[in-house]
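These notes are about the structure you will find just below.
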Amino acid sequence: MAAAAAAGEARRVLVYGGRGALGSRCVQAFRARNWWVASVDVVENEEASASIIVKMTDSFTEQADQVTAEVGKLLGEEKVDAILCVAGGWAGGNAKSKSLFKNCDLMWKQSIWTSTISSHLATKHLKEGGLLTLAGAKAALDGTPGMIGYGMAKGAVHQLCQSLAGKNSGMPPGAAAIAVLPVTLDTPMNRKSMPEADFSSWTPLEFLVETFHDWITGKNRPSSGSLIQVVTTEGRTELTPAYF
């Protein structure tokens, strides 16, 4: 009974990237459960309980300090049950591409900056036993010659996740850092850019939202440092840990 009651209580969640396709779904789903949900993004999410607007800048320290200060002001001494970093994006290009530097810069900003800031926020504002999720990529478990910046950025996120699970990482006691490694998410933007693709191999956003819900409430939560591959085949999605 106690576990069932705990699973039903109102939670507090911070969604980093709360106006993206997956982030918006997370905000909607958790608000519908009467959870308190804060969105952190470059634009406001009006459906969230609170929104923090990230200022665009070419300085990582500037952006990190701004977000850290504003989240600190918003939360005060209150702790959150989960920080879901679902920010990210995609850009292609090999090492010879004219757009290599520009695309690498974009990937680092969208994936590494956001994941690093989320990790620091977790050390300050996550409850003991809380959850931090990071957005990795299955493709980055191997070389990604056609998308150099993307692969580097996601590879760094995987490494960060494993570091956070180690001793003296700064994470709260009992808290877990878990990276999800999808192949392709079924978003409106992806459908628009790849209209001929096999959508039955794309992961529905709802699947990840429900997975996050389970992990937040302690159901089937993998151990900290896990890199969880999210693979959809013919409309069926499975979660499989990546081992090295």
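Quick reminder: no glycine exception, Cβ is built from N, Cα and C everywhere.
Feature annotation from Swiss-Prot assigns active site, proton acceptor to Tyr150. For the recorded site, Tyr150 (active site, proton acceptor), the DSSP three-state label reads helix. Taking Cβ-Cβ distances under 8 Å and a sequence gap of 6 or more within the same chain, the neighbours of Tyr150 (active site, proton acceptor) are Trp90, Ala91, Gly92, Asn103, Met107, Ala137, Ala139, Ala140, Thr144.
Swiss-Prot lists 14-38 with the feature NADP(+) binding site. Cβ environment of Leu14 (NADP(+) binding site): Val37, Ala38, Val40, Val71, Val80, Ala82, Ile83, Leu84, Leu121, His125 lie under 8 Å away, each six or more residues apart in the same chain.
Among the features that Swiss-Prot reports, N-acetylalanine is placed at Ala2, with the record citing experimental evidence.
Here the Cβ of Lys73 (N6-succinyllysine) has 9 other Cβ atoms within 10 Å, regardless of which shown protein chain they belong to. For Lys73 (among others), the entry in Swiss-Prot reads N6-succinyllysine, with the evidence type similarity to another entry.
A coil conformation is recorded for Lys79 (N6-succinyllysine) in the three-state DSSP classification, outside any helix or strand. The feature N6-succinyllysine is assigned by Swiss-Prot to Lys79 (among others), with similarity to another entry given as support.
Secondary structure from DSSP puts Lys96 (N6-succinyllysine) in coil. Other C-beta atoms found within 10 angstroms of the C-beta of Lys96 (N6-succinyllysine) number 7, with every protein chain shown included. The N6-succinyllysine annotation in Swiss-Prot covers Lys96 (among others).
The annotation N6-succinyllysine is assigned in Swiss-Prot to Lys102 (among others). In three-state terms derived from DSSP, Lys102 (N6-succinyllysine) belongs to a helical segment. All protein chains considered, the CB of Lys102 (N6-succinyllysine) has 13 other CB atoms within 10 Å.
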(message) Return only the integer: C-alpha distance in Å from Lys102 (N6-succinyllysine) to Asn34 (NADP(+) binding site).
(response) 41
(message) If you count, for each of the recorded positions Gly18, Leu22, Phe30, Asn34, Lys79, the other Cβ atoms lying within 10 Å of its Cβ, which residue has the minimum?
(response) Asn34
(request) Would you mind ranking the binding-site residues Cys26, Ala38 by how many other Cβ atoms sit within 10 Å of each Cβ and giving me the lowest? (result) Ala38
